[in-house]
Amino acid sequence: MSNNLIIINAHIVTPQGRTARKGEAMNELLNIPCGTVRVTDGIITYVGENRISHEKPGYKVLDARGNVLLPGFVDSHTHLVFGGFRPDEFIWRLNGDSYMSIMERGGGIINTVRATREASFEELKHKAEWFLDTMSRMGVTTVEGKSGYGLDRDTELKQLSIMQAINECPDRKVDIATTFLGAHALPEEYKGRSDAYIDFLINEMLPMIHQKQLAENCDIFCEKGVFTVEQSRKLLKAAQALGFGTKLHADEIVSFGGAELAGELKALSADHLLQASDEGIKALAQNNVVATLLPLTAFTLKEPYARGRKMIDSGCAVALATDLNPGSCFSGSIPLTFALACIYMKLTVAEAITAITLNGAAALGRADRIGSIEAGKQGDFVLLGTDNPHILPYYTGMNAVKLTIKGGRILHSN
């Protein structure tokens, strides 16, 4: 399939830059009502008015007919490789159980750990590919995939190897940025020995994953009852010393100092942040840490939404992601994520577009190559079925994507 494409008559709407956009700059979008984009060998080589020749040998020509052309969506926080499902826990939550109380009675993450350890490589890979196909139809062209449902050497490596295998497929629909999340929970084998488990991750897992080049980033669940701030600092500093980008699940359940730690370490991102303090928000803004907000999780858990408006007004770079996982948020719905962010977190449409494209890319350390429609970046696009980008939150929870284009290849026509 050719990776040479010329898109004409497109209403181009895109953030610009090779780093995250912060604060007021999140509202600044390039807007070309009738533009052309040229992609050569999968890379954007021209963006501008309809002034170049549309007839070029070896290029497919796509007439956008005035519809909105956006950068491909970047879902920068998912847990897409896992065994089993947990529908019963969803019902327990409806009946009043909390996320942490379910974990304390042996459910939650540990439930999925057991199922993931038992599942075969092919079973897990097939399920992940199904999720990716579904997400691609909603405009996702790059996704983050975390491990963290193994909590032992072999299963963590299995999860990461599955994502590597998908990335090596030449006709893949979505690129996966892999994140090692061995510190997702304390495995049963290490009950009461959390320091020893952190040492195992530092001394055995990180060097092995680094040598095998199985992950780009390292994450930890920094939360009361899971891993402490000091344990998180120790693991992430070790990861940084090996060249990993660092990320944190931070301040989701209680205000715990995770955002402050992310600022101290100058991490790529701090995620969740439902309970982030004012000082934590300030630390994120001052240290250029992307605040990755996950409105679907707050929606599912019936928790207050993260203070997206406050974060942007404080100078933060905010990203949006789905948090697809089998427990707290069994959804990869980009349309609903977009709507909830605008309705409940009070993001403008322009801010939400930036959050789910360029800032999502920055949260993965990839803003230099994806996240905006600019020469030199990958030819990843979303073509909407309308000329008005405001359709994204207005068409609440419904898919407004007409075409998904990956590296110049047209993947889906909805």
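Every residue gets a Cβ built from N, Cα and C, even glycine.
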**Item:** Co-listed Fe(3+)-binding residue [Swiss-Prot; alongside H77, H79, H249] among D152, D154, D175, D323
**Value:** D323
**Request:** Among S120, S314, S328, S331, find me the residue Swiss-Prot lists at the same 4-imidazolone-5-propanoate site as R86, Y149, H184, E252.
**Result:** S328
**Fill in**
Rounded Cα distance, in Å, between G327 (N-formimidoyl-L-glutamate binding site) and Y149 (4-imidazolone-5-propanoate binding site) is 12
**Request:** Around the recorded Fe(3+) site, report the further residues of that chain (criterion: Cβ within 8 Å of the mean position of the Cβ atoms of H77, H79, H249, D323; site residues excluded), sequence-ordered.
**Result:** T78, K146, D271, H272, L294, T297, A321, L324, N325, C329
**Item:** Sparsest-packed of the listed binding-site residues (H77, H79, R86, H184, H249) - C-beta count within 10 angstroms
**Value:** R86
**Request:** Please report the number of other Cβ atoms within 10 Å of the Cβ of E252 (4-imidazolone-5-propanoate binding site).
**Result:** 27
**Request:** Give the sequence-ordered set of same-chain residues, not counting Y149, N325, G327, with Cβ within 8 Å of the centre of the Cβ atoms defining the N-formimidoyl-L-glutamate site.
**Result:** H79, F82, R86, I109, T112, G148, P326, S328
**Message:** I need the most crowded of these binding-site residues: Y149, G327, S328. Count other C-beta atoms within 10 angstroms of each C-beta and give me the top one.
**Reply:** Y149
